[in-house]
Amino acid sequence: MTQVTVKQLADEVKTPVERLLQQMREAGLPHTAAEENVTDSEKQSLLTHLKSSHKAKVEEPRKITLQRKTTSTLRVAGSKSISVEVRKKKVFVQRSPEEIEAERKRELDERRAVENAARQKAEEEARVRAEEEARRQPAAPSAPAEAVAAPAPVAEPVREAAPVVAAAPAADTRKRDEQRRPDKPRADDNNRRGGDGERKNAPHRASVKEKAPAPRVAPRTTDEESDGFRRGGRGKAKLKKRNAHGFQSPTGPVVREVKIGETITVGDLAQQMSVKAAEIIKFMFKLGTPATINQVLDQETAQLVAEELGHKVTLVSDTALEDSLAESLKFEGEAVPRAPVVTVMGHVDHGKTSLLDYIRRAKVAAGEAGGITQHIGAYHVETERGMVTFLDTPGHAAFTAMRARGAKATDIVILVVAADDGVMPQTIEAVQHAVAAGVPLVVAVNKIDKPGADLDRIRSELSAHGVTSEDWGGDTPFVPVSAKMGTGVDELLEAVLLQAEVLELTATPSAPGRGVVVESRLDKGRGPVATVLVQDGTLRQGDMVLVGSNYGRVRAMLDENGKPIKEAGPAIPVEILGLDGTPDAGDEMSVVADEKKAREVALFRQGKFREVKLARAHAGKLENIFESMGQEEKKTLNIVLKSDVRGSLEALQGALNGLGNDEVQVRVVGGGVGGITESDANLALASNAVLFGFNVRADAGARKIVEQEGLDMRYYNVIYDIIEDVKKALTGMLGSDVRENILGVAEVRDVFRSPKFGAIAGCMVIEGTVHRNRPIRVLREDIVIFEGELESLRRFKDDASEVRAGMECGIGVKSYNDVKVGDKIEVFEKVQVARSL
């Protein structure tokens, strides 16, 4: 017998000696020291104690797992063999006799309960049927009296039908019992495992099967048949059939609440209405609008579709991010007076920039291309009466959007009208912009030093458009000025500052900066540059700004003279560098707390703008499909347009898209801010377009492609020139018209016969000149009866090339011999005339 010491045993089982001694004392062993010996029987006693303390079962394992593996070889074509290995695994669980007995008793009790319930139900049905027959008995007097005792034969069918009727309740009862005791193994499990439960439960199932064909007491219904009450059916199948799930069609239309944002795709709309997308597409086809599952619908179209299909529509605004941004921008602080923002507006060449030059003591107008302003210029001027910020807007008709933007960003509008020119179209437009923006007007009647200046005529013309002078009882100051001589400029500034005092303009310098983009451009060395007018708060270098759908950190700020500054307060125009793109003029600028918020809102705005643009473009295309059917395709002049600033690009696109007619049109296939690059040249090459550069030039790569491919590239610095050239190009695309000019008219006085030419008309030329080999018309009583060619023209037997008015001649008409006296022969020519827009 092998003996080891307590210490050796502790080392062997990897436990401390003290811990092992304590466990041995708990097991009832007499060991107290590490040097004492431990016998095998003592080890067994210790092991038994440890197992019992850990609640381990010492009996034999109740679960046995058998695994079997067979390998076979499968031969395939090409003398190849594949080895196939099949593995099988079976688990046998030994059940205790107590569990088997309890299961048998439980099933016996259940069966007795089911039989009792079935017997009671059968007796109740027999009693009801007997009462029915008893009530019907008096209505048939011919029936024998002993028929009243009809309930007697009921007893035998009750006994035989009971097990059959009980099949479904038995399944329900068993199911409830299994739910109450989920840890008990089911009889079906025993069938699969092949345990003792199969042998014990088999007789009970067989007894139900044997009685199944018994006649039914009550007539079968459709529900009973669907629940598995069929003759000879198996209990398990009945249970599965009874528990099968299914969908029932709704008894009426289901009205759903559909939430529609600014845009929604056809697929998303169908999902919200719980219908197939094909139904919506089919409905839109009925409305005359072809659609696809991924097509973006605008809010109005989606609302119409949903309401027509009978659903309730809730319009929602996808502005959660915008609302949270607006909440974060709220700031309370002390408001202080600020300088007014004044926009100078008026017709082209009426002296707006010259007036500003005199106020600023600068020479801006002299350096402008063509002598006209083509950008919005922003300046702030320190005067004796305080600081004023001026916005100089273009006066050309193409810059309508710029002037509208200037009116929105301003406090006061100076309307410049030339005294010698009067009220012009852009003057009226400027008045409309100011009235729409609710901005007070100050009228500056410029060029008052010129002869022929008539101030009363200006007052009269403007009063017709709702601008009445203070001298005539209105509320608009009229100040006569001369930008050249400086006359009346001080009075003009005084009138502007007086209006500013009435408006009580205030701002909060301690708040985060907020403003509007006046202009933006792409500088080759500095990247996107935006001219921003700060309207409230203070903009500082290093601030994270969100500008429309662009964002970035302000890396540098420059004033209007190009000098770097660190911060800009209210009503100060500055140029900022550091944005990730060129924002659109008119976009709002705001300082945000962190870059994450700015990026989220910028990406949201970009996606929203793209969806709305796609929806509108697609709607426009679909509307034009049916209009253009059967018509000739328009000739299109494709243009790739690059400009120096965003505002000029918008103005040019608007002006060019407005050109054209039913036969020709302009399509700007690409546009942007900055120089002409290689990608622009490739786009022009692919789309067969003309390259236009407005105040920009092409780089080396673009010039190389233009030379190799022979592209048409033109530079401009005046907007008039672009519009004129495009008009000429469109005129050339129109082709030419054929016009007829009547050369002469001859009256037939007599008809002769010639063997060579047939009928010869002796004529007197009464109008113009008759030429040989020209087309003619024969008119009888001023009605055209023949159109052909003059074959022979003679005068006194001599051939003549032409015969003038008042002279006689002989005319032979080719292929026509029905000339009569009194007819008129009209000689004409066809001339091609160039068309114009």
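Heads up, the Cβ atoms here are built off N, Cα and C, so glycines get one too.
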Out of 50-53, 330-333, 446-449, 562-565, which range is noted as region 'G4' by Swiss-Prot?
446-449
Among 66-73, 346-353, indicate the range for which Swiss-Prot gives the feature region 'G1'.
346-353
So which range, 392-395, 580-583, 632-635, 660-663, gets flagged region 'G3' in Swiss-Prot?
392-395
Tell me, what is the mean pLDDT of the region 'G2' (371-375)?
45
Do you know the DSSP helix, strand and coil residue counts for the compositional bias 'Basic and acidic residues' (96-136)?
40 helix, 0 strand, 1 coil
Would you mind splitting the region 'G4' (446-449) into helix, strand and coil residue counts from DSSP?
0 helix, 1 strand, 3 coil
